[in-house]
Every structure is written in C-alpha cells, then in structure tokens.
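*Asks:* Quick paste of what TrEMBL says about this protein:
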DOMAIN    45-340  domain 'G-protein coupled receptors family 1 profile'
TRANSMEM  27-52  transmembrane segment
TRANSMEM  64-90  transmembrane segment
TRANSMEM  102-123  transmembrane segment
TRANSMEM  195-219  transmembrane segment
TRANSMEM  279-304  transmembrane segment
TRANSMEM  324-343  transmembrane segment
Amino acid sequence: MKKMDKNNNSNDCVSILEELNAEFVDLYLPVMIYLLFSLILGLLGNSFLTYIHFCKFDETATKVFIIGLFVCDFLTCLICIPMEFFILCFSFTFHSSFACRLIRFFVAIAMFNSSIILFLLGIERYIVMCRPFKYNNISVVTSKKILASSTISSAILNIPVLEVYNTQNRLVRQCGNIGKVCSFPDSLDDTVFPFVYYCVVLCGYLYLLIFLMIFYLLIELRIKKIQRSMRSNRQRSSVSFGTPSKIPSFNDKNEGNVSETKLYPVSILKKHSVQLSKINVSLLPTTLLWAICYLLHFIAIFWRMFEHNFNDTESDRKQILYKLLIYSFYLKCAVNPYLYGTFNRQFYSELQRLFQKAFQLYK
C-alpha cells in the first residue's frame, strides 16, 4: 500500500512539473517573442552585411574584423538563441548537467569573442588613423591570424563557465526541491566562485569599454585636427589645389624632434578626412550598443546573485524582467547590422543595388 502511495505521489509530482513547465512557457512568452525577433533580424541582417562586405568591399584588415564580428553575431543567433528556447521550455525539468554547461559555454564564448573583435577593431582604427607612421598597419593575413587566435582564446578563457553553471534544484510545492533548472547557484552561501568569476568578467568589460572610448575619442580628435588643417590651407591664398599639405599626427612636436608627418595634396587630405569620419561614425554606434547591452546583462547577473532563492521568491514580472535583461546581448546581435548599415553609406548603397538586382530577376 505504501509503495502504491509513493508511486501515486511521484506520478502526481511528474504531472505537476509538466504543468509548471507549460505555465512558465506561457509566462516567458514575451521573452520568447523577443528572442524570436532577435533570431530573425540577426540572421537576415548579419548574413546580408557579411555577404556585401565579403563581395563588394576592398580587402583590408578592417573588412576582416568587421566580417569576423558579424559572422560571430550570426552564429550567436543561429546556435545560442535556439538553445535559450530549449532552456525556457524546461524551466522545471532541465535534468542534463552536461547540456546546461555546454549551452552556457557556447554563449560565453560568443559574448567574449564579440567583445574582443570590437576591441581589435578599435585598435586597428586607432593605428591607421592616429599612429600611421609609428606602427605598421595590420595586414590582411595578420588580421585573419589575430581573428583565429581571439576565437581560440575565447574558448580557453571561458572554461571556468563549465564550473559556474549546472542544474540547480527548484522548489515545487507539495513535492519539495525536485525541480531542475539550468543556472548558477541560488545563494552566495553555497559557493562564491560564480561571484568571483563574474567580477573578473565585469572588470574585463569595463577595461575594454574604457580603452575603446579612449581610442574613439583620440580618433575624433585626429579627424578634427585634419579638418582644422584643411581650413587653414583654404585660408592661405598662396596654396593652390595641387600644393602638398601635411596630414598632422598626434606625434607632432614643436621642438627638437622630427615630426612624424607626410606630405599630401590638399585633395587627398580632404578625402582622407572624409574616410576617417565615415568609418568612425559607423563603428562608434556599434560599440555603444555593445556597451549598453552587456551592461544590462551584468546588471541581471548580479541582481540574480544577491537575491536569495530568486527563482522561488520573485514575482512573475521580475522573472520576465530578469530574462529580458539576461538576454539583452542578443539585441546587439540583432540590431548591430542595421545600425552599422544606417551609418555606412557604402554598405547601404550596395544593399540597395542587391535588392534592385533581385527585384529585376524576380520580375
């Protein structure tokens, strides 16, 4: 008789878990809609941008890094977002520790690699624009090697994620802690390793953000300096159209040392300034979007850590808000190509030509 009661109780608990899974699928419907839109927009936008850059743009280190960034975002949408759907559909019955760790490992690699590529883009732009005579420009071959190294490094440096995430028990009324969810521990009392790990990751994010802002500030100052030089050349009546002018460098010194400058015609100086402005304008919004989305992600992480038994005690609205914040970096993957394309006229023009050709073929 006792065995029958236990079997009945276990069957009841299994059915309760299935009901809770279904309830939380309904609860997380706004989150799933957000992920679905991110998936569709990310796949379309990143594939178009990668194709146009690969086929229509001149091969440079900048092109290699940009393609690398958007291929990374494309794969993030293609691989990681479906995994998130899987986790959301099994909010109480995610029993596979291996799958949980593997999913979080892939997501961490995608986030880390995207950040590193943005940082590499900032360095490359800084060298080209601000230190063209002090350092050799990064070659296409070198940029491809750097890109491969960054991907391998991302995988190695994120190995600790395998210890941060695991299946955690979740409280089910009338049945006890029999639910299973893919997450890090509910309390810092259990282990401090996730807290230490994310503190290190947050510090790395802040360092990257500070350096990127400094790089783009120096690039903007460089552009302003060239524009001032152009205005001063126009004011000199003795300077004709073809007269050489020098592009100023931040290494220019007034005393003693030879200035690191080079002579160019005024027309080339103007073209150089316009190119600098266009590239800076198209990449800066991408960097700012990355900074905002990742900051929201870290806010969610630490909010979750400092709330004891978050999954069992927080309201439905807070659960939804937490999920939206934790998945905020997918917004970067989805919106990035459209943001970049809006500020990059060459990409926008090539995209228009592509659609015109496709429309003509369809007709």
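Note: Cβ is positioned from N, Cα and C throughout, glycine not excepted.
Describe each of these features in terms of where it is and what it packs against.
*Replies:* Tertiary proximity for the transmembrane segment (27-52) is limited to same-chain residues at least six positions away from its ends with a CB under 8 Å from its CB atoms, namely 66-67, 70-71, 73-74, 76-78, 81-82, 84-85, 88, 91, 316, 319-320, 323-324, 327, 330-331, 333-338, 340-341, 347, 350-351, 354.
For the transmembrane segment (102-123), the residues of the chain that approach it from at least six positions outside its boundaries are 62, 65-66, 68-69, 72-73, 75-76, 79-80, 83-84, 86-87, 143, 146-147, 150-151, 153-155, 157-159, 161-162, 164-165, 182, 205, 208, 211-212, 215-216, 283, 286-287, 290, 294, 297, 329, 332-333, judged by C-beta separation under 8 angstroms.
Residues 115, 118-119, 122-123, 125-126, 129-130, 160-161, 164, 188, 250, 276, 280, 283-284, 287, 291, 294-295, 298, 301-302, 305 of the same chain, all 6+ positions outside the transmembrane segment (195-219), place their C-beta atoms under 8 angstroms from a C-beta of that stretch.
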*Asks:* What same-chain residues lie close to the transmembrane segment (64-90): Cβ under 8 Å, and 6 or more beyond its ends?
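*Replies:* Distal contacts: 21, 24-25, 28, 31-32, 35, 38-39, 42-43, 46-47, 49-50, 53-54, 100, 103, 106-107, 110, 113-114, 117-118, 120-121, 124, 140, 143-144, 147, 182, 323, 327, 330, 332-334, 336-337, 340.
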